[in-house]
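Below you'll find the structure, written out as structure tokens, and then a few comments.
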Amino acid sequence: MSLGYAEKLSFIEDVGNVGMTEHFDPSTILREKIEQLAIMIKKSKHLVVFTGAGISTSCGIPDFRGPKGIWTLQREGKALPEASLPFHRAVPSLTHMSLVELEKAGILKFVISQNVDGLHLRSGIPREKLSELHGNSFMETCPSCGAEYFRDFEVETIGLKETSRRCSDAKCGARLKDTVLDWEDALPPKEMNPAEKHCKQADIVLCLGTSLQITPACNLPLKALRGGGKVVIVNLQVCLPFFSPNHLLCVNEVVDPITLSFNNIRNNI
Ligand SMILES: [Zn+2]
């Protein structure tokens, strides 16, 4: 089941802030922000999207820090939330599909995700336009030749351990490893380097469904600011104060209705 990942992670005491209050923008303010966001995206030259657990909750996958999130309940000593679907049966959300359409339209240049549910790849974001910072539960990789294998089943281990399968390249045959990080694992340069490069180039980094709590991943959107880029956060928690208000648009709403409005942007280009 899809909590497999959370249950496989080693236990740590300090998981950062959890259970923060959720805010929803009043409807008039929300409408203004959506219009503002649409104009920004339409004018953008290098749009990068940065995603977190909040874009997969509508797929039946629990988040980590929301009121019913995995870390929140763990902190409160409660049982972990029930996932309505196993990972392998979860299907991409409206948000995943809206991003695919933006990519096909040439507007979205790169996606960076903290999620390990594999839904960006399954929805059709090209692998070369995606950094999965914390790995992918369905991906095995060959440490010898670098080949990647995207499976239709969840790989049994996490923590970059050897799995029970081997590379199918006849000249290689090395033992494969899972790609999902445990707490102590460093972010892999293969995912981190392109993510950094695109954030530096970005005129907008659109953060969807993330409370930007996990370092160093959460520092990536900041790299856009140095080049004059802006950061947009769509999330239910209040935005962190380290962004200057001039460079930040914070939209307090669930992500699907916001990304659905992107369809109008594509149709107007
Ligand atoms: Zn190999």
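Please read every residue number as a count from 1 along the shown chain.
Any Cβ shown, glycine's included, is placed from N, Cα and C.
Taken from TrEMBL, the feature active site, proton acceptor covers His134. Marked as Zn(2+) binding site by TrEMBL: Cys142, Cys145, Cys167, Cys172. Here TrEMBL flags 27-269 as domain 'Deacetylase sirtuin-type'.
Mapped onto this structure are the features recorded in TrEMBL.
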residue	record	CB count, 10 Å
His134	active site, proton acceptor	21
Cys142	Zn(2+) binding site	20
Cys145	Zn(2+) binding site	12
Cys167	Zn(2+) binding site	20
Cys172	Zn(2+) binding site	13
Notebook entry, point to check: What is the separation, in Å, between the Cα atoms of Cys167 (Zn(2+) binding site) and His134 (active site, proton acceptor)?
Noted result: 22
Next item on the list: Compute the average pLDDT of the predicted model within the domain 'Deacetylase sirtuin-type' (27-269).
Entry: 88
Next item on the list: Using CB under 6 Å from any atom of ligand 1, narrow the recorded positions His134, Cys142, Cys145, Cys167, Cys172 to the ones that qualify.
Entry: Cys142, Cys145, Cys167, Cys172
Notebook entry, point to check: What does DSSP assign Cys142 (Zn(2+) binding site), in three states?
Noted result: coil
